[in-house]
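Let me begin by handing over the structure; questions about it come next.
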Amino acid sequence: MDTYRFRVPKPNYLPHKRLDASEKDDIVEEYNIPLGKASELENAKFAAKCERYALEAGVTRPKGYNVSFHCNPDMEKHHFGQTHPMKPWRLTLSKSLIYSYGMSFAMDNYISRAATYEELASFHATDYLDFLGTVLPEPVPFDVENPNPDLKFNLGGSDCPLFEGLYDYCSMSAGGALDAARKLCTKQSDIAIAWGGGLHHAKKSEASGFCYINDIVIAILQLLRCYPRVLYIDIDVHHGDGVEEAFFSTDRVMTVSFHKYDPQNFFPGTGALDDNGPQSEHNPGSHHAINVPLNDGITDEQYDWLFNSVIGKCIEKFRPSAIALQCGADSLAGDRLGRFNLQVQGHGACVDFCKRVGIPLILFGGGGYTPRNVARAWTYETSIAIDHQDKLNHMIPTHTPWRDHFRHETLFPTLEQILGEPRQNRNTQKKLQDIVQHVTEQLRFVQAAPSVPLQVIPPDLGGVRDDVEQRIKEETEEKRDELRRAREAAIGQAMEY
């Protein structure tokens with residue numbers, strides 16, 4: 001068990017310090033300007049432009065399957081702190097670009113409600129939730145003055161600050177992911193997208209790595225009520241430690257994480273190649289945690305080969321009933337924290353591979369600390385979900401809000417445009433082949449399509465308060481006429497001439 005001994009958490013970045021105007025870095029300065037709020041007239045004009053673009057670009061609903069898009073605009077308004085890398089505004093930028101391409105007309109669009117306390121408690125400890133919901137905001141992290149503060153539940157430091165509206169932010173993130181999972185369970189969707197989710201570091205009773213609530217675990221628990229086996233895949237640059245730990249002792253979830261691994265210098269310091277679940281062969285979770293540790297500078301071509309090889313073998317042996325894919329965009333070149341040479345196309349190729357498997361798929365967001373890159377990646381991956389990627393115009397639409405924030409007009413900037421000079425690639429082909437060989441060896445011990453006895457079904461997550469659902473129903477009825485008119489317009493529907 002030496003592999004799983006306690007490790008002192010490593011912060012994702014240096015603790016906060018107050019910056020003079022001359023010291024402010026570009027990212028802080030660029031995204032510290034209040035955005036304001038568009039008027040109803042401006043929103044109507046933007047919607048008309050998106051509708052016109054969708055018609056001209058031939059954006060239609062995919063044939064043979066449904067895609068749903070889940071978001072909560074109120075989540076985007078939160079702020080972690082001036083110098084914190086996590087910018088919820090990236091969700092605004094991503095959604096705006098997706099809408100500008102007219103993709104919303106090819107999907108079922110849902111404004112997800114916040115998750116209830118009972119739903120959060122399906123995974124998280126109640127004492128942790130109680131503290132999270134009542135603790136007061138702290139504008140300055142505790143570790144600014146004291147490098148080794150005593151943090152309750154790891155809350156209040158530089159990584160996981162106590163900002164205004166923290167509990168609301170967490171419940172909205174979980175609500176979107178849970179809504180997406182339920183749409184797969186009810187067969188209303190075949191691919192469900194929740195870019196506001198993907199916070200994979202949070203533990204049962206502890207915040208970690210910018211993550212407070214593990215929406216992925218909550219969503220997978222919901223999927224397990226309807227699907228015997230779920231394959232969780234993580235392409236964030238950081239190890240998906242929270243999800244791996246949550247399903248450590250079950251054979252109904254296989255976790256596969258592709259990440260940078262440098263235990264002494266890179267968060268969270270876990271996810272070595274030989275970390276494959278419990279050591280005891282009698283534990284059902286043994287060999288069901290697959291880790292793919294990578295070095296700096298991996299390229300699109302290497303990543304594509306490695307992903308296809310590893311995931312192809314996992315699917316062949318585990319035979320999942322559904323896939324949960326965490327699409328953390330900090331694995332892209334030019335990310336504030338990441339160190340890979342991946343481009344938008346290489347990142348999106350992972351989504352395309354999972355989609356072609358042809359089983360229910362949920363797409364989560366995750367990391368990503370250069371908002372313009374995050375928006376590009378998640379827009380391209382949304383186009384893959386609706387089968388529009390081959391028709392996608394590489395030039396960002398001229399009516400896209402905050403278009404100047406993208407710096408380059410193309411959806412697919414080159415490595416030279418992003419980095420100037422690509423990072424040195426420290427991943428040899430032999431290293432990648434050794435990884436595939438090790439994974440193949442681990443999968444030999446996995447029981448093909450493990451059986452699912454009835455008593456393994458997780459607790460019912462249907463503890464949704466009646467008053468919450470009634471309020472949502474009333475709000476939906478108020479918009480019924482608006483939704484009816486949108487359907488009658490038939491935007492996004494393939495038409496015969």
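Yeah, the Cβs are placed from backbone N, Cα and C, and that goes for glycine too.
Since we're looking at a predicted model, the values are computed, not measured.
Feature annotation from TrEMBL assigns domain 'Histone deacetylase' to 84-383. Here TrEMBL flags Asp159, Gly209, Tyr369 as substrate binding site. For His201, the entry in TrEMBL reads active site, proton acceptor. Feature annotation from TrEMBL assigns divalent metal cation binding site to Asp236, His238, Asp330. Here TrEMBL flags 465-493 as coiled coil.
Provide an account of the burial state, proximal residues and distances for the features listed.
There are 28 other CB atoms within 10 A of the CB of His201 (active site, proton acceptor), with all protein chains counted.
There are 26 other CB atoms within 10 A of the CB of Asp330 (divalent metal cation binding site), with all protein chains counted.
This prediction places the mean pLDDT of the coiled coil (465-493) at 63.
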What does the structure give for the C-alpha distance between Asp236 (divalent metal cation binding site) and Asp159 (substrate binding site)? Integer Å is fine.
17
Measuring Cα to Cα, tell me the gap between Tyr369 (substrate binding site) and His201 (active site, proton acceptor) in whole angstrom.
16
Reported as an integer number of Å, what is the Cα distance between Asp330 (divalent metal cation binding site) and His201 (active site, proton acceptor)?
14
Give me the Cα-Cα distance between Gly209 (substrate binding site) and His201 (active site, proton acceptor), rounded to a whole Å.
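Cα to Cα, Gly209 (substrate binding site) and His201 (active site, proton acceptor) are separated by 6 Å.
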Which are the residues of the chain, Asp236, His238, Asp330 excluded, whose CB is within 8 A of where the CB atoms of the divalent metal cation site average out, their centroid?
Val237, His259, Gly328, Ser331, Leu337, Gly338, Gly366, Gly367, Gly368
How big is the Cα-to-Cα gap, in Å, between His238 (divalent metal cation binding site) and Asp159 (substrate binding site)?
14
